[in-house]
Amino acid sequence: MKILLANPRGFCAGVDRAITIVKNALHKFGAPVYVRHEVVHNKYVVDELKAMGAIFVDELDEIPDGNTVIFSAHGVPKRVREEARKRGLQVFDATCPLVTKVHMEVHRASRKGQEVVLIGHKGHPEVEGTLGQYDENGTGMYLVEDANQVDSLPVQQPEKVSFVTQTTLSVDETRDIIDALREHFPAIQGPRKDDICYATQNRQDAVRALAPQVDVMLVVGSKNSSNSNRLRELAERLGTRAYLLDDASQLQDEWFTNVNSVGVTAGASAPEVLVQSVIDRLYQLGGSKLEQMDGVIEDTVFEVPVELRV
């Protein structure tokens, strides 16, 4: 059974930065360091940081006064920043800079009195953070999850509306919604540069190239990872049986009955050690040849805050 590895895969610059912020804060200040929400959506990473002394909370009221808090890579609503400021918490912001870019787009649009449509998945932390950037004196911001919802959007000023997208969606699913928005609101304005992040795009392109070449596609990533789910869905849309798994322990022997080739990739929040564990298990299940696919070389680096550089 041939094993083909997608490239690029795994950690992106935003995830790497967020994890480094937590680790460096623990090194500088000692445990505990509080983190609002999972800093990235990966069980292995979160468990590792917990073991080092990080405490993950849902809201700031779970954090005692005088402590350090880190905002996750997904970003937070303005009200959370204001609450932290009022309480005097020491804040380090691990929001991915590409998410911050979307936040600024929403902020600018609301200040201009524009209504804003956010393309994203309800309940995802990034979506909640982005919705929370809209000024209260603005006219309105709306979440849309599929093209069928566009006709029922309660937009009041169709000549003054813009759209933004969650950064971890697939290009395919946003394309249909954007087309519907442009048809329904001809004057709608979009971002100057696509909001889908470079790492999400690169990993999807790698799966798009690899999936048709294999019998089974494995995506290493956690169930609550948006970009990992999109990779699995993309492979399935291309006609390849695909599975999302946290680690090698979730591999099932029957997946590989009469399988001659298997593709492996990883979501942007999944560490390479988990990919390697999957490869090791595939060898035990009959894997005999490992091949690295060609792909985009990523050299983007996002700096951590000055106070946490070591």
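Glycine too: its Cβ is placed from the backbone N, Cα and C atoms.
The feature [4Fe-4S] cluster binding site is assigned by Swiss-Prot to C12, C96, C197, with sequence analysis given as support. Annotation source Swiss-Prot lists isopentenyl diphosphate binding site at H41, H74, H124, S225, S226, N227, S269, citing sequence analysis. Swiss-Prot lists H41, H74, H124, T167, S225, S226, N227, S269 with the feature (2E)-4-hydroxy-3-methylbut-2-enyl diphosphate binding site, giving sequence analysis as the kind of evidence. Here Swiss-Prot flags H41, H74, H124, S225, S226, N227, S269 as dimethylallyl diphosphate binding site. Residues annotated as active site, proton donor in Swiss-Prot, with sequence analysis given as evidence: E126.
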Checklist entry - In Å, rounded, how far does the Cα of H41 (isopentenyl diphosphate binding site) sit from the Cα of C96 ([4Fe-4S] cluster binding site)? => result 13
Checklist outcome for this item: Around the recorded [4Fe-4S] cluster site (C12, C96, C197), other residues with Cβ within 8 Å of the Cβ centre, ordered by sequence, are A13, G14, V15, A73, P97, L98, V99, T167, T168, Y198, A199, T200, A268
Checklist entry - Given the binding-site residues T167, S226, and counting only Cβ atoms in the protein chains shown, which has the most within 10 Å of its Cβ? => result T167
Checklist outcome for this item: For the binding-site residues H74, H124, the largest set of other C-beta atoms within 10 Å encircles the C-beta of H74
Checklist entry - In sequence order, which same-chain residues at least six apart have a C-beta under 8 angstroms from S225 (isopentenyl diphosphate binding site)? => result H41, N42, G267, A268, S269, A270
Checklist outcome for this item: Candidates C12, C96, C197 (binding-site residues) passing the 10 Å Cα cutoff around H74 (isopentenyl diphosphate binding site) are C96
Item to check | Nearest of the binding-site residues (T167, C197, N227) to E126 (active site, proton donor), judged by Cα-Cα distance | outcome: T167
Next on the checklist: Using only C-alpha positions, which one of C12, C96, H124, C197 is spatially nearest T167 ((2E)-4-hydroxy-3-methylbut-2-enyl diphosphate binding site)? These are the binding-site residues in the record.
Outcome noted: C197
Checklist outcome for this item: Looking only at the binding-site residues H124, S226, N227, C197 ([4Fe-4S] cluster binding site) has its closest CA neighbour at N227
Item to check | C12 ([4Fe-4S] cluster binding site) versus H124 (isopentenyl diphosphate binding site) - Cα distance in angstrom | outcome: 19
Item to check | Near-site residues: isopentenyl diphosphate, ref H41, H74, H124, S225, S226, N227, S269, CB cutoff 8 A to centroid | outcome: V40, P125, E126, T168, N224, S228, G267, A268
